[in-house]
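The following features are taken from TrEMBL:
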ACT_SITE  ASP204  active site, proton donor/acceptor
BINDING   GLU18, ASN154, ASP204  divalent metal cation binding site
BINDING   ARG101, ASN103, GLU121  substrate binding site
DOMAIN    16-264  domain 'SMP-30/Gluconolactonase/LRE-like region'
Amino acid sequence: MSSIKIECIANEGYRIGESPVWDEKEGLLLYVDITGRKVCRWSPVTKQVQTVSVDAPVSSVALRKSGDYVITLGTRFAALKWKEQLVTTITQIDKDKPNNRFNDGKVDPAGRYFAGTMAEEIRPAVLERHQGSLYTLFSDLSVVKHFDQVDISNGLDWSLDHKTFFYIDSLSYSVDAFDYNIQTGKIGNRRSIYRLEKEESIPDGMCIDTEGKLWVACYDGGRVIRLDPETGKRLQTVKLPVDKTTSCCFGGKDYSEMYVTSASDGMDKEWLSRQPQAGRIFKITGLGAKGVPPCPFAG
């Protein structure tokens, strides 16, 4: 096991940093600040961050096959042209729930954009329960709703053989698996594969490595944990210098670096003085694991 090194890469503290995605073509890390309402790109070469401000909470960003990006913005799936800083709505969901917003989202191996919703929080992790749903935006720009009664729709990824969909509804404190049909995008047979322990706190964003193991960021747990979805065992814990770790992805030239986002929302002055790096982005090297490149949206 090589020695693990954790470094803070972006000097700005974000309110809710989320949805890290490696853009291989540009050699950049993409991520969002949900309540800060901006999409960000960090360059490992220049160490600079570029941002595009948007008009609503932006909760996830994904690559697009035709170029540029797709985002989840308020209750909209939207397209983002980076150079023009132009956002156009693709479609809107949850029209009957004005208090809802999208949360985490990710593109499946067939190029469909999965993303779920939640009620707006009164304060971090405090909200009206069971208001969210999980959706898929297909390449023809049609939308399917898989299920509702979700609290905080969160981390998602797919097994390496594309037969299992992994999903987190944060307040269930569980990482769940579904049978997955790559041809149709349908999911079924939901079951829990891991229940978080008390000190791990709330499961948030998630990604998968080349060995098929899951990495889950633990909100209020200040850590990323590595899980074996076959055995339901925790294999590794990596602690970070901040409590509110929100999501993780692999990136860098060979996808051997892990990037972890964090939040500062809901922290008072005393808490922030103890954790001055709250809301920043971290790079972890030396994990001995590699990630899988993100899939672009096919539409």
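First residue shown is number 1, and so on along the chain.
Each Cβ is built from the backbone N, Cα and C atoms, and glycine gets one as well.
Note that TrEMBL annotation is computational and uncurated.
Positions of the features from TrEMBL, shown on the structure.
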{"residue": "GLU18", "record": "divalent metal cation binding site", "Cβ contacts under 8 Å, 6 or more apart": "TYR31, VAL32, ASP33, ILE34, SER59, SER60, ASP104, GLY205, THR246, SER247, THR261, ALA263"}
{"residue": "ARG101", "record": "substrate binding site", "Cβ contacts under 8 Å, 6 or more apart": "ALA56, PRO57, SER59, GLY74, THR75, THR117, MET118, GLU120"}
{"residue": "ASN103", "record": "substrate binding site", "Cβ contacts under 8 Å, 6 or more apart": "SER59, SER60, THR72, ALA115, GLY116, THR117, MET118, GLY132, ILE152, SER153, ASN154"}
{"residue": "GLU121", "record": "substrate binding site", "Cβ contacts under 8 Å, 6 or more apart": "LEU127"}
{"residue": "ASP204", "record": "active site, proton donor/acceptor", "Cβ contacts under 8 Å, 6 or more apart": "ASP104, ASN154, GLY155, ILE168, SER170, VAL216, ALA217, CYS218, TYR219, THR245, THR246, SER247"}
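Apart from ARG101, ASN103, GLU121, the residues listed for substrate, the same chain places the Cβ atoms of ILE34, PRO57, SER59, ASN100, PHE102, THR117, MET118, ALA119, GLU120, LEU127, ILE152 within 8 Å of the centroid of those Cβ atoms. All protein chains considered, the CB of ASN154 (divalent metal cation binding site) has 30 other CB atoms within 10 Å. Sequence-ordered, the extra residues of this chain that approach the divalent metal cation site, with Cβ no more than 8 Å from the Cβ center of GLU18, ASN154, ASP204, are SER19, ASN103, ASP104, ILE152, GLY155, ILE168, SER170, GLY205, ALA217, TYR219, THR246, SER247. Summed and averaged per residue, pLDDT over the domain 'SMP-30/Gluconolactonase/LRE-like region' (16-264) gives 97.
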